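Trainee: Okay, here's the structure, questions in a sec.
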């Protein structure tokens, strides 16, 4: 080979009778092969070809022509009907699952897709006071309207109904209408009675219950909320508390096996600017008034340097299992992935390798698997959809994100939705080649409504499918039921299943995990910043 030649792209071996099988029917050949990709997933970090048929991952291994090549996987036969994406020098991950979305505006979908998010879970109806503050799609009418509104968007969706009710009928109605979960929020009154009743309904219909607890401790303290849980499974949003929750000690729920804890991304990671920006965010999102002293006191009670610092440490130790956005409601929908890796980078630089996971100065694969699990497989498990999405595994929807290593975590090279390219870095459309500047992320064929409907899923309750309600909506998207939500435990969280004994000092707000102070300095600089988006 000549010096400077790109060895990975020489050959053109996918030719008839060579890497491509002769006279191979479309039924036997792949629709798509991604060649020689480095796969980064909770299951491992390795190099392989990925085969896709009918929008589903059907094989991972060696693809090609079994007539002339050894060890070709039987499900990875390349024929003349096979499209090829060159995965050489690229990283492939599963699409991100954002499990805390306020559906305030449809433009969120574009922002999310552009950074590799392919599934959104949450609630809302638009920029109403209720949706700006809480993730609740509040009635059967709005569930139907939101499922219709999102039917042609290149994203998997799930909607959560309001869980703040000491009776059952409204919650049952919303689940039967298609809600895939319920949301308890302090702005609607998260009392012990409402918590217990909502969990009863969630158990009966096998949907997940999400909670934003009582910051002001109006109806009880964190101990009251834990008692209301009664050992039942629940997903705690922004578990540190700056996004909301019992002040100052909601973070202690990280030590409970029935609690599935997540963070929202404004506190990821703890930096010198974190505390200052949160006050203004909180006043706007929760309908507060800076002229009212009680509102200011409420806001300040939620923002504590000590617990935000502890959140960094608990993520790195695997005690907090997920990261989500809290989109436009104290969170940034386009920064779930980047802030996850900023957190990983900060903790790597300050705490060193995670030797308990087998890492060393030359290898951080354990930490990589821990952090990628936080926005892929773990939210999928939590919400009963991991059979369909959340990882690079055979049998799952081919929601795949391809990255150049130098842009990993910041700017995807390509986003596949159900095996169809929905977003990609693309140059001038009038140019003679596709790489002419300006090159930036743009929607591709898979992002347009009819294609998006074919390659995306609406996740709903099983009850809404069995009753025939969903069929009457005449949706174009694939419809899949959530299931197994109520049996999930913290120990099911991949690479993030630690159950430390937690304590928060009520005077100093210092956080202790297994008797050790969980503390770290705020970052003064972070990777994956503005320089990654100079085009």
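Placement of Cβ uses the backbone N, Cα and C atoms for every residue, glycine included.
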Trainee: Going by TrEMBL, 100, 102, 183 bind Ni(2+) 1; tell me which of 316, 326, 359 is listed for that site too.
Mentor: 326
Trainee: Hey, TrEMBL has Ni(2+) 2 bound by 183, 238. Any idea which of 212, 278 it lists too?
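Mentor: Looking through 212, 278, the residue TrEMBL assigns to the Ni(2+) 2 site is 212.
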Trainee: What are the other residues, in sequence order, whose C-beta lies within 8 angstroms of the center of the C-beta atoms of 100, 102, 183, 326 at the Ni(2+) 1 site?
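Mentor: Checked against the 8 Å cutoff, the neighbours are 101, 122, 123, 134, 135, 210, 212, 237, 264, 324, 325, 327, 329, 331.
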Trainee: If you count other Cβ atoms within 10 Å of each one's Cβ, which of the binding-site residues 100, 185, 212, 238 has the most?
Mentor: 100
Trainee: To test your reading of the Ni(2+) 2 site: which residues beyond 183, 212, 238, same chain only, put their Cβ within 8 Å of the Cβ centroid of those residues?
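Mentor: Output for this site, in sequence order: 100, 134, 135, 184, 185, 210, 211, 213, 236, 237, 243, 244, 245.
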Trainee: Could you tell me the mean pLDDT over the domain 'Urease' (95-535), as a whole number?
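Mentor: PLDDT averaged over the stretch: 96.
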Trainee: Between the binding-site residues 102, 183, whose Cβ has more other Cβ atoms within 10 Å than any of the rest?
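Mentor: Counting Cβ neighbours within 10 Å, the top one is 183.
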Trainee: Going by DSSP, is residue 185 (substrate binding site) part of a helix, a strand, or coil?
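Mentor: SS state of residue 185 (substrate binding site) = strand.
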